[in-house]
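Database features (Swiss-Prot):
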type	residues	note
BINDING	107, 108, 140, 225, 226, 227, 228, 283	pyridoxal 5'-phosphate binding site
BINDING	143, 282	N(2)-acetyl-L-ornithine binding site
MOD_RES	254	N6-(pyridoxal phosphate)lysine
């Protein structure tokens, strides 16, 4: 007979590695864009698990896909393939430029695979001297030692000893800096097509075109980290599809599984040939459970009405933020695209994004931050208008408590 353990927030401090600082409440149930904690308190979710819960909590298509697959087959390893993985890979090639897919378990793993492929391709075709990776300041690409080094935030990568070498960080949206530095030694340029953790910073059209042209000029691969922007988040299935450029390699995760862990690296057949048998791998990557859920997510999110709905919801959010700003004069600007939005605080409110987050939580609203000065919103792509209106009423009360 199993005795149910009493779980309280204090248990976290007793048993967990202290690299997180979670809220005091513990959620126990979610439905749509609402969650409930142990005490029955209800919250509106504008955070979406950091841009993960693209269909909200416990969406029927995801629940059905998972439960159906759970009764069939869970795990094999890549000694064998499986039907959900092959179906999902086919779908991803149909909704993107890609011809080949590598499955992993997270965005960091997908980015690690992308970086290894870029280095491998350059070494095979041009020789070992072509190894430089250019990335951008304030970028974020994951927490493995390689990806956190490529990410342009020293706060995440310092303190762990010698870092992987031949990585250069340049200012985002600075064409002249890239022109001055990129060379035939550069094997790849890695970037987010809209910086997330760095403050919700969109690229200029001129910058994104220049990056592609300079990569072509110097035979460098263009790697798009679409872990946060992908799977419908910007109103396109992948953000690159609205930018007029196509990358050589793309990483995707977060919303791909809608809450079930999965990541993928997408690329061309020509490049994929350089990851031969044994050069890279993953025990869990492409497991049937994750791929069955992700297949259901991709099918749902890629529907034209879902993508159009993202654009409509973006306007609802912008209108709500504009009304709050008229009332409280708190935001300097609203940045982002689709349902990856950042409300940048003005000079009087500098450094208080977390204050807004905490106050919102007390009112029953979950939001995020992107640095000290940006309140970030990454809700479900199918959040209802009623849920949005309720959320903004709570945000109004939260800001009022801080004024």
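A Cβ is built for glycine as well, from the same backbone N, Cα and C atoms used for every other residue.
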Residue 140 (pyridoxal 5'-phosphate binding site): tally of other CB atoms within 10 A of its CB: 25
Which of 228, 282, 283, all binding-site residues, has a Cβ with the fewest other Cβ atoms inside 10 Å: 283
By Cα-Cα distance, the member of recorded positions 143, 254, 282 nearest residue 107 (pyridoxal 5'-phosphate binding site): 254
Site extent for pyridoxal 5'-phosphate (largest Cα pair distance over 107, 108, 140, 225, 226, 227, 228, 283, Å): 25
Cα-to-Cα gap, residue 283 (pyridoxal 5'-phosphate binding site) vs residue 143 (N(2)-acetyl-L-ornithine binding site), nearest whole Å: 19
Subset of recorded positions (143, 254, 282) lying within 10 A of residue 228 (pyridoxal 5'-phosphate binding site), CA to CA, in sequence order: 254
Site with most surrounding Cβ atoms, counting all protein chains shown within 10 Å, from the recorded positions 143, 254: 254
Rounded Cα-Cα span from residue 108 (pyridoxal 5'-phosphate binding site) to residue 143 (N(2)-acetyl-L-ornithine binding site), Å: 6
Candidate nearest residue 254 (N6-(pyridoxal phosphate)lysine) in space, where candidates are the binding-site residues 108, 140, 282 and distance is Cα-Cα: 108
DSSP-derived structure type at residue 107 (pyridoxal 5'-phosphate binding site), helix or strand or else coil: helix
